[in-house]
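Step one of this worksheet: look at the structure below.
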Amino acid sequence: MSKDEVSAPTMQRVSRLVVNQNDERILTNDYREPPPAAVTAAARQWVRQRAGIVCTFAMLKRRIPLLLWLPNYQWSYLPFDIIAGVTVALTAIPQSIAYGILSNLGPQYGIYSNVMGCLAYAVFGSVKDVTIAPTSLTAIMVQVVVQELHYGTALLTFLAAMITISFGVLNLGVLVRFISIPVVMGFTTAACFTIGSAQVRSLLGIKTQGKRADFVTSWENVLTHLDEIRLADALLGCCSILFLCSIRLSKDLGEGRSRTFFKYFALLRNALIVVIGVVLAYCLTTDIDHPPFQLTGHVQAGLPAFQVPPFSYTNENGTVYEFADMLGVMRTSIITIPLVTTLEIVSVGKAFSKGKIIDATQEMIALGISNLVVSFCSPLPVAGSFTRSALNHSSGVRTTLSCAITAVMLMLSLTLLTGVLYYIPKATLASIVISAMVFMIDWEEIRSIWRTKKLDMIPFFATTLACLFYELDYGILVGIGVNCCFLLYLMSTPRLTVERLQISELRVLLIGIDQSLAFSAVERLRDWTLKQVERYDGIDLVVIDGFNVHFIDMTTAKTFVEMAQDLQMHQTRLMLWRFEADIAYAMLRMRKELFLPMLRADAQLPAAISRWKHLHYLPSDDSHP
């Protein structure tokens, strides 16, 4: 396109840089970076300000929310909190036992983790609806570590807690932003299939346990031991799944009071199926040594013993693991567990916040402290439980006191109900887990990914397949890696536009850029610009519009130097227009004598080119007037 005069859009933020050659800041070298002493002084000032904010009672109440709600607690809240706490406990007992077994630790450890997690969150939690408990994801993610270290896995819970607390203290919740929705959906979908597959063995009454509990090994174990299927267990398990799924689907039936009945009937379905399973097992058991179903068995009575997480461990086979060896067994779980549990608790908190702002920092600190307390009595880490939080919310909870009440109910079950817990069929617990997994897969969200951006199916499938056929913790890293590759590609391929203009008797090539210029993108700009100069023969001036550029690095500045030299070989000059002051100063710090003539900050392109031509342009012998 050719124009005699072009009027560029008015600049919203006009830099004072190089409006004319007598710019005060240029003459005084004001563009230099602050010296180390100034940076140190600024850092000290920032630390003093932060210390003044942190060392206040208001900050203490913010970090210990119990101090906020307890002085204002009303007796009218107590019935609601008691109802919510007891209702959640009825669901938490069978689920905690199921997840304790799923983790290969033992049923009591699931309850231990639930008790201590709830007590800690009652003090430090900031969202009244959230319930902290062991979840299917935390159970499945520690399985491999448990197989080698057993109780030594408490060190993993301890380290994960310290990392989570560090995330909160350092405000590193931003790391969760690198886990996109397709990656989360892929991880959740694969986890549901993996967890459900690990329970098929117990559902069918197969006693032989596979070497691992991953998706492939679980089905391999089932298919190679079909001769061990027990008809009674399989029948009880399948009927329990049908019962649970039917009740779940009926939660929206009826109107008025009947609707409320179906709603709470659905919420208590796990407790109901456990009661049915216990009654059947107790009534049909004539010989305790040969029960009709595989039973949970002995659950250790009493409260957990507190002990420091082991930093060296000797397992049941006599293998000694030093601290470094234990870290080698845990591998990436030390990072993935904090990331996944942080993502869970923030997501659960947002789901029940009703538009209120969630203090993600406080939730990370609360989660970290909960796992820190848990690590002294149980190896099974905890996270925000969506199911139990939904039950807590629907029960009309008023404060996090309900978590403490849930913990008290769980402690009572450990003290008084261990005889009843003995008769819970494993097939019943397996049916609870499998039916929960059926509804955890969000098929509508997956369809939304397909409808919105089909390219997002790549990280979704990459995460799902890596989690299914390798390991869950590595799978989510694969998904994050694929997403980061997308980000790097976008950073390296800025959208470039070109327009050929005729201004002030100069043939001008205006190059537009839609993003900042990191080292990975500037080479593309250089090559593309040179191709355009060759395409439009006889160009006098190349103008690069930096209005959308908010960052450059040393490589970018150096490449501009090389680009100016390359253009001179084509008898073409380079002008840099509308770059921000800080970016322009970075160029001047590299080579002031080269960049000073190039940089213009005029609001209008014709004015910038006219002044540039008047001050600096020396036409070559073969240039056109």
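Even glycines carry a Cβ here, placed using N, Cα and C.
Keep in mind that TrEMBL annotations are predicted by a computer and have not been checked by a curator.
Quantities reported herein were computed from a predicted structural model and do not represent experimental measurements.
The transmembrane segment feature in TrEMBL is assigned to 82-102, 109-127, 151-172, 261-282, 364-387, 399-417, 455-472. The domain 'STAS' annotation in TrEMBL covers 508-576.
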The transmembrane segment (399-417) versus listed stretches 82-102, 261-282, 364-387, 455-472: most Cβ pairs under 8 Å: 82-102
Of 82-102, 109-127, 151-172, 261-282, 455-472, whichever stretch has the most CB pairs under 8 A to the transmembrane segment (364-387): 151-172
Same-chain residue ranges lying at least 6 outside the transmembrane segment (109-127) that approach it to Cβ under 8 Å: 63-66, 92-93, 95-101, 103, 133-134, 139, 299, 303-304, 348-349, 352-353, 358-359, 362-363, 365-367, 369-374, 376-382, 400-401, 403-404, 406-407, 410-411, 413-414
Distant-in-sequence neighbours of the transmembrane segment (82-102), which means Cβ under 8 A and at least six residues beyond its ends: 108-111, 113-114, 131, 133-136, 138-140, 143, 195, 198-199, 202, 213, 267-268, 270-271, 273-274, 296, 299, 380, 387-388, 391-392, 395-397, 401-406, 408-410, 413, 417, 421, 424, 426, 428-430, 432-433
Tally of DSSP helical, extended and coil residues in the domain 'STAS' (508-576): 33 helix, 17 strand, 19 coil
